[in-house]
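Over in TrEMBL, the protein carries these features:
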DOMAIN    34-457  domain 'Amino acid transporter transmembrane'
TRANSMEM  41-62  transmembrane segment
TRANSMEM  68-91  transmembrane segment
TRANSMEM  189-216  transmembrane segment
TRANSMEM  240-261  transmembrane segment
TRANSMEM  282-306  transmembrane segment
TRANSMEM  326-354  transmembrane segment
TRANSMEM  375-395  transmembrane segment
TRANSMEM  401-420  transmembrane segment
TRANSMEM  432-454  transmembrane segment
C-alpha cells in the first residue's frame with residue numbers, strides 16, 4: 001500500500017512538473033504581469049480618441065448645423081460605446097476570467113469568426129493604423145507651423161503674410177517618432193499616454209475657452225439650423241460632399257476600437273478585463289463626448305458657417321498669442337503619444353510575424369537591447385509615413401478617409417458579427433434584424449463619407465505642390 005501511495009505521489013509530481021509554472025511577476029499566460037488599471041485604460045482611450053478629431057468638429061458642425069450636428073455626435077458616441085462593449089467581451093475565448101486571451105483585434109476575430117473575416121479585419125485595422133499615423137503627422141506639423149504663424153501675426157499684424165511651408169515640420173515630427181518608435185513594449189508607454197491625455201485636456205479646454213471668449217466679446221459668425229447655406233456659402237454639390245465629409249470627420253473622432261483589444265491586454269486581473277474595459281470605455285467616451293460637444297458647439301457658435309477646418313490653426317484666434325501657442329504645443333506633444341498608441345500594435349504584429357519565420361531577427365545587443373531589425377523596420381515605417389504626409393497634407397479630407405475606413409468595419413461590423421456568433425442569435429429574429437440594420441446604416445454612412453473625402457483630396461491636389469505650397 002505504501003508503495004502504491006509512493007507511486008501515486010511520484011505520478012502526481014510528474015504531472016505537476018509538466019504544468020506551466022508562473023512566478024508572482026507573470027500572468028496566467030506566462031507573460032510579464034500586466035499592471036494596467038481602469039485609469040490607465042481610460043488614459044489610453046482619451047489619448048487615442050481626443051486627437052486630430054476634436055480640432056475639426058467646429059467645421060463639421062458648420063456643415064451639419066445646429067440640429068444634425070449635436071445629434072450626430074450623440075449617435076456616434078452611443079454606437080461606439082455599445083459596440084466596444086461587445087468587443088471587450090471578445091478579449092478572452094469562452095470564460096471571461098480564465099478563457100484563452102486574444103492579444104490583438106485580429107486574434108479576436110479569428111477565434112470568433114475565422115475564415116475571410118480574419119483577412120478583411122487585418123487589412124482594415126492595419127491600414128487604418130498606418131493612415132492614422134499619417135493623419136497625426138499632418139495635424140502635429142500644422143500645429144507646429146501655427147505657432148510660428150501666431151507669433152508672426154502678433155508682431156507684424158493680422159494682415160501680414162505669415163504663411164508657412166509645413167514640409168519641414170512634418171520631417172521634424174518624423175524624426176521624433178523614429179526615436180519613440182524604438183520603445184518595443186506597448187504597456188511600457190503608460191506614462192506617455194498619461195502625459196498625452198493631460199495635453200489633450202489642455203488644448204481642448206483652451207479651444208473651448210477661446211471660443212467662449214469669442215462668443216462673449218464678438219464678433220461671431222452666422223449660424224443656421226442646417227449649417228452652410230446653398231447659394232451663399234457653398235453650391236449644391238459642395239453641400240452634399242462636405243456634409244458627408246463632416247460625417248467622416250465625426251466618425252474619425254470616435255475611432256479607437258481598432259486598438260481596444262491591445263489596450264485591454266495591458267489590464268491586470270482580477271477584476272475581469274472585460275468589466276474593467278467597459279468602465280474605461282464609459283469614462284473615456286463620456287469624457288470625450290463632453291469635450292466634443294463643447295468644442296464643436298462653441299466653435300460653431302463663435303465662427304458660424306465660416307468655421308475653419310482646424311479650430312486652433314485656422315486663425316480665428318489671434319490673441320492672446322501665447323495661449324494659442326501653448327495650445328498648439330500641447331497638440332504636438334499629445335500627437336507624439338497618440339502616434340505611438342496607434343502604431344505600436346502594428347509594429348508588434350509585423351515583428352511577431354517576422355520572428356515566427358526568422359527567429360534570429362529577435363536577437364538583441366548590448367544593455368540597451370538594440371535589435372537591428374526593429375531599428376531598420378520602424379525607421380523605414382516612419383519615413384514612409386512622413387513622405388506621404390508631405391505629399392498629401394490635407395487635414396479634413398484625410399481625417400474623413402480614415403474615419404470611413406475605421407468606423408464601419410472595425411467599430412460596428414466585426415463586433416456585431418462576433419456578438420451574433422457568440423450568442424447564437426437566430427437569423428431573422430428581431431435582435432438579428434436590429435443588429436444587421438445598425439451595421440447596414442453605418443456602412444452607407446461610411447461609403448458616402450469615404451467618397452466625399454476622396455473627392456476632397458482630388459480637388460486639393462489640383463492646386464497643391466509638395467515642398468512649395470504655403471498655407
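A Cβ is built for glycine as well, from the same backbone N, Cα and C atoms used for every other residue.
Panel annotation: around the transmembrane segment (189-216), residues 35-36, 40, 43-44, 46-47, 50-51, 54-55, 58, 180, 183, 266, 291, 294-295, 298-299, 301-303, 311-312, 316-317, 323-324, 326-328, 330-331, 333-338, 340-341, 344 of the same chain, lying at least six beyond its termini, place a Cβ under 8 Å from a Cβ of the stretch.
Highest Cβ contact count with the transmembrane segment (240-261) among the listed stretches 68-91, 282-306, 326-354, 401-420 falls to 401-420 (criterion: pairs under 8 Å).
Counting same-chain residues at least six beyond the ends of the transmembrane segment (326-354), those with a Cβ under 8 angstroms from any Cβ of the stretch are 44, 47-48, 50-52, 55, 104, 106, 122, 126, 129-130, 132-133, 136-137, 139-140, 143-144, 146-147, 150, 173, 176-177, 180-181, 183-184, 186, 189, 192-193, 195-197, 199-200, 202-203, 206-207, 210, 258-259, 262, 312-313, 361-362, 373-374, 377-378, 381.
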